[in-house]
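These notes are about the structure you will find just below.
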Amino acid sequence: MSTIESVLQENRVFPPSAAFAAQANVAGMAAYQALVAKAAADYEGFWAELARQHITWSKPFSQVLDESNAPFYKWFADGELNVSYNCLDRHLPARADKTALIFEADDGTVSKVTYQELYHRVCQFANGLKSLGVQKGDRVIIYMPMSVEAVVAMQACARIGAIHSVVFGGFSAKALHERIQDARAKVVVTADESLRGGKAVPLKAAVDEAMAMGDVDNVQKIVVYRRSGAAVPMQAGRDLWWHDLVKGQADSCEAVPMNAEDPLFILYTSGSTGKPKGVQHATGGYLLGAILSMQWVFDAKPDTDVYWCTADVGWITGHTYVAYGPLALGMTEVIFEGVPTYPSAARFWEMIARHKVTTFYTAPTAIRSLIKLGADLPRQHDLSSLRLLGTVGEPINPEAWMWYYEVVGQSRCPIVDTWWQTETGSNMISPLPGATPIKPGTCTLPLPGIMAEIVDETGHPVPQGSGGMLVIKRPFPSQLRTLWGDPERFKKTYFPEELGGKTYLAGDSSRRDEDGYFWIMGRIDDVLNVSGHRLGTMEIESALVANPMVAEAAVVGKPHEIKGEAVVAYVVLKRARPTGEEAKKIVAELRDWVGKEIGPIAKPDEIRFGDNLPKTRSGKIMRRLLRAIAKGEEITQDVSTLENPAILEQLKEAVA
Ligand code: WT7
């Protein structure tokens, strides 16, 4: 990949400025090394001390790490706590009047919510959920726009011990249906519509469609937040308005003491099979990871920071760095309903200036598209409040990094390139901004206590500079506990026997440079990273094959300037291979089809038709060839083992 080649040549180094280091939570490499050494010397003691220091426990723990049923690890297993208590109650009364959330709507309307108000709203909604019969351990699906209410719903679940599963509002009714079913949710919380970029996205209609797909008797109630005011049909006995539910509810509600190992939430993510995985996180360890990364990576200063993570709550980043982490620290944070390009490509810069944002966390894909739409726009806004920048989701190419550093951060703000995953719950490999000398394009070094390494297929460390599989050798508090309802898949996917069954396999390839810095190279499985979002190739293939016109499909990724990776689908139709206008028409139909099956983010960028797919004589699709063709590369490899080499010429033809 061209971006990887260019990062391999990167040798600029940006050490933290003296001014930043002087005020940092972890100041200087010696301080970082001391934490690393402490974790190495007494692993459990290290985590136990931090867990006691940063979390308010309703019942202190005496056990730290329990490895007796590896890889089903437990942390702080006899302790009790409540995440919502740690995010709200413990900041009262001292921070009661402090702004917790600054919400900016799509149309620019701003509203602020104090910690006291947020506490009341969470309590009222929690009481509302209880009145619907939601109890500890029940699952609640949250299919909501970016809103104060989405955070309230998540916090309310945490407060009463219900397990939320947030489904990104851009996912289709079909994807929603699958998740409602798999989680066996009792309640679905949604909105009439979400408003993004001046357009309304019907959410309640998608919920109705999902419910009509059947086999969802588990759902008893659907709570609808009125956002746009659009008329939506309400089914008597099943559907009720958010505002009616909370009316008259008490504004305090007990924060139920939860066992540290009780599930906090399930979040579905793509894997290498067609079926999304329900990543299950636990209460205590997850909260600890969120808090420590806020302290270490985001250098949180609750009294002076205005924190803004642009991720949607439908993704893990929006869980850890919107709904939980900032609130656990008692920070003020910005929540944004809209999109970076509306009403103009200056929206982010306007908002940073308007809200005096100090800490800004976004995705490389957003940065790249904003460069393209207006590289000079940041200079027209007062960005002097910024002190720290972050990126997440994919490697950032040095060109985009330099622009982010110089134009947005005015060469003053360190950039934390944070590597982590839905499964890890919180940042794993990242610079600590007051300590780590930063190089553009690398996520640098593991956080203290994170035993990341690069190994070969047999689990042996690779020589420095060589590529290999990224693993984490020791269990860490914020890691997923299992896959909802599928412990076997959890073991096989993340703790494979070939690596001894106890080492966490991340699914990424990486290499380390002479300073030990990690350079992420890409996925080792059939997972694509499109605009920082994970998509399984099999998932898209199953969606395509579900179309009555399609006989067979293979999906690969190809490098894309803005999105990182683009989706290319090779399709064999049941009818003859289409050309010209007919081909164009079918491409449009199939793209829409995938949008409906999964969601607009999964729509193939390109579809190519063939009479067949390139297969070996044993019938295996040669994906390597398909990737080369998608990139427009000359095919140099021997294709004589192919059953049908002539097919390659057809597949080189993209539909115009
Ligand atoms: C995959 C995880 C973690 C929240 C966003 C995505 C890729 C993530 C980086 C980074 C290079 C990165 C990896 C990882 N990734 N951050 N800083 N540099 N690659 O979460 O959907 O669970 O995807 O995103 O490939 O495995 P996710």
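Just so you know, glycine gets a Cβ as well, placed from its N, Cα and C.
What you are looking at is a predicted structure, and each value in this text was computed from that prediction instead of being measured.
Per TrEMBL, the ATP site holds Gly393, Glu394, Pro395, Asp417, Thr418, Trp419, Trp420, Gln421, Thr422, Asp508, Arg534; the candidate it also names there, chosen from Arg387, Arg523, is Arg523. Across the domain 'AMP-binding enzyme C-terminal' (539-620), the DSSP tally of helix, strand and coil residues reads 28 helix, 27 strand, 27 coil. Spanning the listed CoA site, residues Arg196, Gly197, Gly198, Lys199, Thr317, Ser531 have a farthest Cα to Cα distance of 24 Å. A Cβ distance below 6 Å to any atom of ligand 1 is met, among the binding-site residues Arg196, Gly197, Gly198, Thr317, by Thr317. Separating the Cα atoms of Lys199 (CoA binding site) and Lys620 (N6-acetyllysine) is a whole-number distance of 43 Å. Annotation: Thr317 carries the greatest number of neighbouring Cβ atoms among the binding-site residues Thr317, Ser531 [cut-off 10 Å, Cβ to Cβ].
Cα to Cα, Ser531 (CoA binding site) and Lys620 (N6-acetyllysine) are separated by 29 Å.
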